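Student: Could you have a look at this structure, given as structure tokens, before my questions?
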Amino acid sequence: MAGVFVKIILIFHLVVIPNCLAFTPSDWFNFIGFGSKEGQKPQPLLKDDPGEPLVLLRDEQENPGTADPAMPTKAGLKEGFYKQSCPKAEKIVADMLVETFKTNPNAVSNVVRLLFHDCFVGGCDASLLLDFNPSGDPVEKSSGFNGLLLKGSDLIDDIKAKLEQECPQTVSCADTIAFATNEALILGGLPRQRSLGGRRDALLSLASMVEDNNLPAPNWSLEKMIETFNKKGFNEEEMVILLGAHSIGSAHCDFFMDRAYNYKETNNPDPNLTPGVVDEIKKVCVDAYTPKFRNPPMDFDETPTVLDNLFFKNIVEKNKTLLVTDSYLLNDPRTAPTVQNMAADPNLFHKRFVEVMNKLNTLNVLTGNDGEVRKICRSTN
């Protein structure tokens with residue numbers, strides 16, 4: 001029960017008093033547990049392997065020394081966590097990501113977005129993957145702020161099923177998401193990183209936590225963006241770097257097309273957009289008030305499957321952004337220097353993006369006796 005009370009306290013500490021917003025959940029950005037069920041047997045601890053080094057994956061076996069120096073452990077997490085209990089765990093995840101990427105390059109952006117939506121709400125605990133609560137309370141996944149945007153969840157289900165075949169009830173869903181994200185970043189062009197393991201899974205998922213201003217919206221002010229990221233422990237520089245995830249993937253037209261047609265109800269484009277960018281948007285996004293409107297996605301930049309600094313270069317050189325929140329970044333002294341630095345140096349962007357993602361995927365994790373190791377990511381045991 002101690003873990004349960006810790007979890008309840010964590011929920012109250014993380015919930016932000018909701019503001020009344022004028023837009024609907026469908027307008028939101030693409031961007032645990034409550035007690036064991038009565039009579040449920042105590043959940044086994046993750047099979048910890050203290051002091052063991054990371055299991056080397058394919059590239060490192062063939063090219064020793066390509067990985068960065070060992071990262072420090074945090075909050076009970078450590079490298080090589082499954083060295084003895086499930087030595088093939090990270091390779092299984094990597095192989096499945098590579099195979100999926102061959103036919104679906106969007107898997108990279110889908111998995112990265114999934115991690116953000118899970119970690120940024122209540123912590124990296126796979127609460128986002130639960131389909132229902134024993135209490136009947138709506139789950140995070142059911143919130144309009146998530147909804148159909150979470151396309152990576154099916155892939156995590158498939159990976160988890162494979163892990164269960166290899167090592168039953170050993171690798172948590174939270175670690176599965178984290179390992180999958182690490183591999184997605186590699187497929188997106190970043191250097192291989194050593195992975196931290198030891199996260200445990202939440203027993204509860206609350207849609208109300210998603211809706212309490214825990215996820216950025218596409219029409220937020222920069223001030224509100226900074227405030228929200230600060231509350232999660234990210235400074236202005238780190239916020240801008242995380243938004244660099246918009247280097248991959250796309251956004252649907254209804255998130256931003258008003259900037260090309262009817263910005264702030266003026267019946268004119270956003271004056272901050274160049275005519276060239278307005279034309280780009282109009283080619284993809286037909287006016288919503290015509291019969292031809294289909295709400296297709298539009299790539300954030302010209303390399304939608306590569307994690308590079310082109311997103312930032314487009315901001316600096318073309319003033320090109322899709323989301324309003326991104327358009328503020330170059331016009332404020334708190335964020336403009338980071339945009340300029342990332343645009344000028346692709347290697348710096350790679351280095352800093354990996355560092356900030358490592359911080360994100362250790363946010364408010366459950367370890368030790370807290371939570372459980374789910375057998376199926378969609379339901380508690």
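All residue numbers here begin at 1 and follow the chain in the order shown.
Cβ atoms are placed via backbone N, Cα and C, with glycine included.
Feature list, courtesy of TrEMBL:
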BINDING   Asp118, Val121, Gly123, Asp125, Ser127, Glu140  Ca(2+) 1 binding site
BINDING   Pro216  substrate binding site
BINDING   His246  heme b binding site
BINDING   Asp299, Thr303, Asp308  Ca(2+) 2 binding site
DISULFID  Cys86-Cys167  disulfide bond
DISULFID  Cys119-Cys124  disulfide bond
DISULFID  Cys173-Cys377  disulfide bond
DISULFID  Cys253-Cys285  disulfide bond
DOMAIN    76-381  domain 'Plant heme peroxidase family profile'
SITE      Arg113  site 'Transition state stabilizer'
Student: For the domain 'Plant heme peroxidase family profile' (76-381), what is the mean per-residue pLDDT, to the nearest integer?
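Tutor: Reported value for the domain 'Plant heme peroxidase family profile' (76-381) is a mean pLDDT of 92.
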Student: Name them in sequence order: residues not among Asp299, Thr303, Asp308 whose Cβ is within 8 Å of the mean position of the Cβ atoms defining the Ca(2+) 2 site.
Tutor: Ser247, Ile248, Phe300, Asp301, Glu302, Pro304, Thr305, Val306, Leu310, Phe311
Student: Which residues does Cys377 (disulfide bond) neighbour through Cβ under 8 Å, counting only same-chain ones at least six apart?
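Tutor: Spatial neighbours, sequence-distant, of Cys377 (disulfide bond): Ala126, Leu129, Leu130, Ser153, Ile156, Asp157, Lys160, Cys173, Thr176, Asp201.
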Student: What is the one among the binding-site residues Asp118, Glu140, Asp299, Asp308 whose Cβ has the most other Cβ atoms less than or equal to 10 Å away?
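Tutor: Compared across Asp118, Glu140, Asp299, Asp308, the most Cβ atoms within 10 Å surround Asp118.
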Student: Can you tell me which of the recorded positions Cys119, Cys124, Cys253, Cys285, Asp308 is spatially closest to Pro216 (substrate binding site)? Compare CA atoms only.
Tutor: Cys119
Student: Cα-Cα, whole number of Å: Cys167 (disulfide bond) versus Asp125 (Ca(2+) 1 binding site)?
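Tutor: That separation, Cα to Cα, works out to 20 Å.
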Student: For Ser127 (Ca(2+) 1 binding site), just count the other CB atoms lying within 10 A of its CB, please.
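Tutor: Ser127 (Ca(2+) 1 binding site): 30 neighbouring Cβ atoms within 10 Å.
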Student: I'd like to know which of the recorded positions Cys86, Arg113, Cys119, Cys124, Asp125, Glu140 sit within 10 A of Thr303 (Ca(2+) 2 binding site) at the Cα level.
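Tutor: Cα filter at 10 Å returns nothing.
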Student: If you count CB neighbours within 10 Å, which one among the disulfide-bonded residues Cys124, Cys167 has the smallest count?
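Tutor: Among the disulfide-bonded residues Cys124, Cys167, the lowest count of other Cβ atoms within 10 Å belongs to Cys167.
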Student: Counting only residues 6+ apart in the same chain, whose Cβ is under 8 Å from the Cβ of His246 (heme b binding site)?
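Tutor: Residues satisfying the criterion: Phe300, Asp301, Phe311, Leu322, Leu323, Asp326.
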Student: Whole-number answer please: how many Å between the C-alpha atoms of Cys86 (disulfide bond) and Asp125 (Ca(2+) 1 binding site)?
Tutor: 20
Student: Between Glu140 (Ca(2+) 1 binding site) and Cys253 (disulfide bond), find the distance joining the two CA atoms and give it rounded to the nearest Å.
Tutor: 24
